[in-house]
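Asker: Pasting in a structure now, in structure tokens, and then I'll have a few things to ask.
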Ligand SMILES: [Ca+2]
């Protein structure tokens, strides 16, 4: 009986929701690019910002090793057992499938025992450094949505750099340094992501958290995407509106999570002691069983589908846009300059569709601004650039845009776009004793509903 009542309520909700179009049934996912609505002029399309779902991006990458012949087994060699450095009769032989450790074993399905893994040659040329670059290429800009996780089968390296490229491998920037001794290896003070803040979230740090020696049990290295999101969306990523607001207004932040390639630079294998044991150099090598990279194609909020065809990812562009990233207007749709979609206003964003060219009326209208140009994350000094306007970047919750540099928020709200409840900052939301009850009653239920809806998606979809 309860089930049938639930189903009828659910059916009613679906009916009400359909009538209430244009909002898609699920808010905050940006999974619909357009929907038909009824207006006084009849049926018309309503366009909204949209993006592909977050997915396992290792299915679409190409892997390259440098030096190319660094994988063990050609010629066959022996190495010491993991965890027992004095049992050195294990064999790696590239020509025998059971004894081979090729690079693709870093990306196969891991769930059986024992793990499958890639393994390098051993450090037999010591003291010449044993260094390996592992490059992962997508030939497409992608946006990372979850932690990069590298699982070692050997000890975690004493020194390693994770790097990223935004231009298909032409130039590289460090993402994070990893070392047992940051000062010694990279002349950097050790830090962890927890030491960062909203204002320093883009800082490149060296961490000692993941490099503790040869014999430790933990084999995992993270690059912490979610901890960085949490500076804006809260520890459980509930306040995604705030994160979306920041990603929209701060190009540098968005670019930080965007890559075309990643490069893992293994600079010194796990030694775990002060001196390298020169009599047993077969103890030292790199072995990786799994690499996880979650993300989505970057389609500038103009597509929900990204197809993999001929070993290449391409956005299926909507909103009259075209190009691998939907980065320009289609021919005959250049009536105004191309612009990416916007996450704001929540929940369905702004599509910024390309409109038909007006070839008969001279020059097309010029847009004042296409993308907000905040040059740093110092949002406490918003005079640096446009923060809001009345077209693309709306102040939320009844805030008004003041000279394009800041939102004037109602008393109950705060944040760069008035997206945050002031009571959240003081931790008094929902408290009966809160003096600003009126504001609470107006604001909290609406925001909590939004937070709940977004929260269901936050584990996978950012
Ligand atoms: Ca594997």
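Note that Cβ sites are derived from N, Cα and C of the backbone, with glycine treated the same way.
The feature disulfide bond is assigned by TrEMBL to 409-418. Residues or ranges marked as domain 'Laminin N-terminal' in TrEMBL: 46-296. According to TrEMBL, the feature domain 'EGF-like' maps to 384-419. The signal peptide annotation in TrEMBL covers 1-28.
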Asker: Can you work out the mean pLDDT of the predicted model over the domain 'EGF-like' (384-419)?
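Answerer: Averaging the confidence scores along the domain 'EGF-like' (384-419) gives 69.
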Asker: If I restrict to non-local contacts, at least six residues apart, and a C-beta distance under 8 angstroms, what lies near residue 418 (disulfide bond) in its own chain?
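Answerer: Within the chain, residue 418 (disulfide bond) has Cβ neighbours under 8 Å at 395, 396, 397, 398, 399, 407, 409, 410.
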Asker: Going by DSSP, is residue 418 (disulfide bond) sitting in a helix, a strand, or coil?
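Answerer: Coil, per DSSP.
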Asker: Have a look around residue 409 (disulfide bond) and count the other CB atoms within 10 A of its CB, chains all included.
Answerer: 21
